[in-house]
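Undergrad: Sharing a structure here in C-alpha cells format.
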Amino acid sequence: MSAFTRALLAARRNPNILRIPPYLSALCIIVGVVWLLLLPLNEYSRQTYVSENALLPGQVHTYFGGSEHNIFRAHRHEVFGLRESSMEERNQRLEEIFKDAGLKVARQKYEYTAAGKTISGENVYAILQGPRADATEAVVMIGAWKNMDDVINYSGVALVLTLARYFKRWSLWSKDIIFLIPPDSTLGPTAWVSAYHSTNPFPNISPLPLKSGALQAAIAIDYPAGPWGHRFDKLHVLYDGANGALPNLDLFNTAVSIASGQMGLGCTLQRMWKHNDSYQDRLVTMLRGMVQQGLGHVSGPHSSFIPYHVDAITLQTVGDGWHDEMTLGRVMESLFRSLNNLLEHLHQSFFFYLLMQANRFVSIGTYLPSAMLLAVNFSITAIVLWVQSGRPAKRNDLTSPLKGKKTIASSSSSKEKGKEAGNENDEGEEKEDEMTLIVKSGDLALVPTSTFKIVERNMFLPIALLSILHFLGLMPLYILNHTPESSLPTTTAVLLISTLALPPLTTSLLLSTPLHAQLTPRTLSLIQSLSLLLLSTSLSTLATLNFSLSLLLGLLSAPLSFIRPISSRSSPKLLLSVTLLVLTAPPVVLVVVCALVDGTWQRGWSKVVGKVVEILVRASWGWHVSGLWTQVVVWLVWWPAWWIGGVVLGCGLFVKDEREMDKVVGKRK
C-alpha cells in the first residue's frame with residue numbers, strides 16, 4: 001500500500017499525465033468508427049423476426065383478383081383521364097367514386113407557406129366503418145396523387161379506389177379503415193394527420209369533418225404505372241420518418257414477410273436495387289439509412305404519421321419483372337388483415353434500429369456505443385482542459401522532485417526558505433519550485449508546494465462568450481428558414497464567407513476591448529472546456545433520439561478535440577489546425593457534400609449551387625411543415641462549437657502565458 005500511495009502522489013505532479021488524454025480521445029474516435037464498421041457482420045447483427053404474435057403475417061388466404069382486376073383497370077383509366085383536370089374537378093370525381101362504394105367521404109383544405117412560396121391543396125378521404133368495430137381504432141391506406149418524384153401515382157390511386165370497394169364487401173373488419181388521397185406526398189398527409197389529432201398550429205388548415213378512432217398504422221402505395229400498366233420486380237420499402245423517427249420494426253417485418261414469403265415478391269430498401277447480402281452491400285445500405293435518418297427529411301407519405309406515434313411505411317414498386325397490380329393488391333389485403341388482428345398498439349418490437357437488409361437489423365443496444373464513444377472523446381478533452389485551467393503557472397524542473405531548494409517543514413516555512421533561496425540566485429534565473437513534505441500513514445513524499453496553490457477560475461468571460469455565440473446561432477437558423485428560394489444562392493454565399501471570417505473577427509474584437517487582459521491561456525482552456533462539455537452533453541443526449549445525426553456531427557466535430565492555442569505562426573500545427581477548421585465549417589461541409597453527391601461537381605458549379613438550394617428548400621419546408629429540428633442542432637450546437645474552436649486558435653497567436661505577462665509587468669515597473 002505504501003508503494004501505491006507514493007506512486008499516486010508522484011503521479012499527481014507528473015506533467016506527463018496530461019499528455020495521455022489526447023490519445024484517449026483519439027482512441028475513442030477510432031474505436032467508435034471501427035465499432036460501426038463491425039455492425040454488418042453476422043456476429044453483431046440479427047435476423048429480423050415478428051414479435052407481436054397477433055399479427056400472424058401471411059397466415060390468411062387472399063381473394064383479391066378476378067373481376068377486381070377489371071375494376072382496377074377501369075379506375076386506372078379514369079384516374080389517367082383526370083390528370084389535366086383541376087383539383088376541384090378531380091376531388092369531386094374521387095368523392096363520387098368513394099360514395100358509390102358506400103363509404104362516408106369528406107374533404108380538407110390546407111395551405112402552407114415556406115421558402116417564399118405558398119402551396120395550397122385539398123385532401124379527399126373516406127372511412128369504412130368496420131362491421132365488428134366500435135370506432136375506437138383505425139388503420140389508414142394512403143394513395144397520394146403525386147409521389148415524392150412529383151410523378152402522378154396513377155396505379156397507386158386506382159388501387160386504393162379498388163381496395164376501398166373490395167374491402168367494403170367483407171364483414172371481418174374489427175377496425176375502421178380510412179382511405180386517404182392527398183394531392184402530394186408531404187404537405188397533404190401532414191395537414192391531414194395533424195388535423196386528425198387536433199394538433200395543427202396553422203390557421204390555414206381546415207379541421208376534419210369526419211374522424212374515427214385512434215390510428216394504429218398507415219400504409220402508403222407508390223405505384224405510378226400509367227394506363228397500360230407496368231410489371232415490376234420488387235417492392236422498395238420506405239420507413240424513415242421526419243426527424244429520424246422510425247416505425248415499429250414489427251410493421252416492417254410483417255410487410256416483408258407477406259411480400260417475400262407469401263407472394264414471392266422481393267423487398268429492398270435504401271435504393272439498393274441489387275443486394276447480394278455481402279458485407280459491402282450491408283454496409284452501404286446501413287450508411288444510406290443513417291444519412292437519411294440524420295437529415296431527418298420526409299421520405300414518403302408515411303413520414304408524416306410517425307411523429308404522432310402511428311407506425312407507417314410506404315410500398316414502392318421498382319424494377320421490371322412479372323409482378324403486377326394484383327400481386328400488390330394481395331399484399332395490401334394480407335397486410336391489412338394482419339393489422340386487423342391487433343389487440344393493442346404495436347409495442348413489442350424495436351423502435352430504434354438500423355436495417356442493412358430487408359431481413360437483417362441491428363438494435364440500439366448494439367450500435368449506440370459508437371456514437372457515445374464519439375461524445376465521450378469531447379468529455380475527456382473538456383475534463384483535461386478544466387484541470388489545466390485550475391493549475392498554477394508552470395515552473396522550471398517540475399519533473400525532478402528532489403532538484404533545487406526544498407524544505408521538510410511546513411508549507412509556510414517552505415515558502416520562506418524558497419524566497420531566501422530565490423534571492424541567492426542570479427537576477428536572470430527563475431526561482432525553482434519549493435517542495436513540501438507530506439506525511440500520511442507513515443509514508444513520506446515530497447510534493448511541489450505549487451500543487452497546493454488555489455487558482456481562482458474567472459467564469460464570467462467564458463460563460464458570457466459561450467452564451468452569446470450560441471444565441472447568435474439563431475440568426476442563420478432564422479434567415480435560412482425564411483429566405484425565398486430565389487435568394488438562397490446569395491444568402492448561402494454570404495453565410496459561407498461570414499462563417500469563415502467570424503473567428504478572426506471575434507478574436508480581433510476581444511483583443512481590442514478591455515477584456516483582453518483576461519484572455520490568458522487559463523481562460524482559453526476554460527472557454528474550450530465548457531464548449532466541448534456542452535457539445536458532448538448535446539451529442540450524447542441526441543444519440544438516444546437520432547443516433548445517425550449524433551454520429552455524423554460527432555465525426556465532423558472531432559477535430560475540435562485537438563485544437564489548442566498555438567503561439568508560433570510558423571508552426572505546422574497551426575496550418576493543420578486552420579485547414580481542419582475550414583474543412584469542417586458547417587457551410588463548407590454542406591457545399592462539399594452537395595458537390596460530391598452523384599458527381600455533381602463534374603457537371604458544373606451551377607449544378608452544385610442548385611443542389612445546395614434544393615437541400616435548403618427541403619429543410620425550410622421541413623421546418624415549417626414537419627417541425628424538422630436538424631438545422632436546430634446544426635446552428636445551435638455544431639456551429640457555435642466550431643466558432644469557439646476558431647476563436648481559441650486565433651487568440652493563441654496573441655495571448656501570452658502568465659509568466660511572460662509577469663515579466664513584462666516587472667520590466668515596466
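The backbone N, Cα and C atoms fix where each Cβ goes, glycine too.
From TrEMBL, for reference:
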type: TRANSMEM; residues: 20-41; note: transmembrane segment
type: TRANSMEM; residues: 367-387; note: transmembrane segment
type: REGION; residues: 397-433; note: region 'Disordered'
type: COMPBIAS; residues: 423-433; note: compositional bias 'Acidic residues'
type: TRANSMEM; residues: 459-480; note: transmembrane segment
type: TRANSMEM; residues: 532-554; note: transmembrane segment
type: TRANSMEM; residues: 574-596; note: transmembrane segment
type: TRANSMEM; residues: 632-655; note: transmembrane segment
Undergrad: Going along the chain, which residues at least six beyond the ends of the transmembrane segment (367-387) come within the CB cut-off of under 8 Å?
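TA: Tertiary neighbours of the transmembrane segment (367-387) are 18, 21-22, 24-26, 28-29, 31-33, 35-36, 39, 354, 525-526, 528-530, 532-533, 535-536, 539-540, 543-544, 547, 550-551, 554-555, 557-558, 560-562.
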Undergrad: Of the stretches 20-41, 532-554, 574-596, 632-655, which racks up the most C-beta pairs under 8 Å with the transmembrane segment (459-480)?
TA: 632-655
Undergrad: Spell out yes or no: are there three or more C-beta pairs under 8 angstroms between the transmembrane segment (632-655) and the transmembrane segment (20-41), with each pair 6 or more apart in sequence?
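TA: Output no: the transmembrane segment (632-655) is apart from the transmembrane segment (20-41).
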Undergrad: Mind checking which residues reach the transmembrane segment (574-596)? Cβ under 8 Å, same chain, six or more beyond either end.
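TA: For the transmembrane segment (574-596), the list is 492, 495-496, 499-500, 503, 556-557, 559, 562-564, 566, 568, 608, 611-612, 615, 634-635, 638-639, 642, 645-646, 649, 653.
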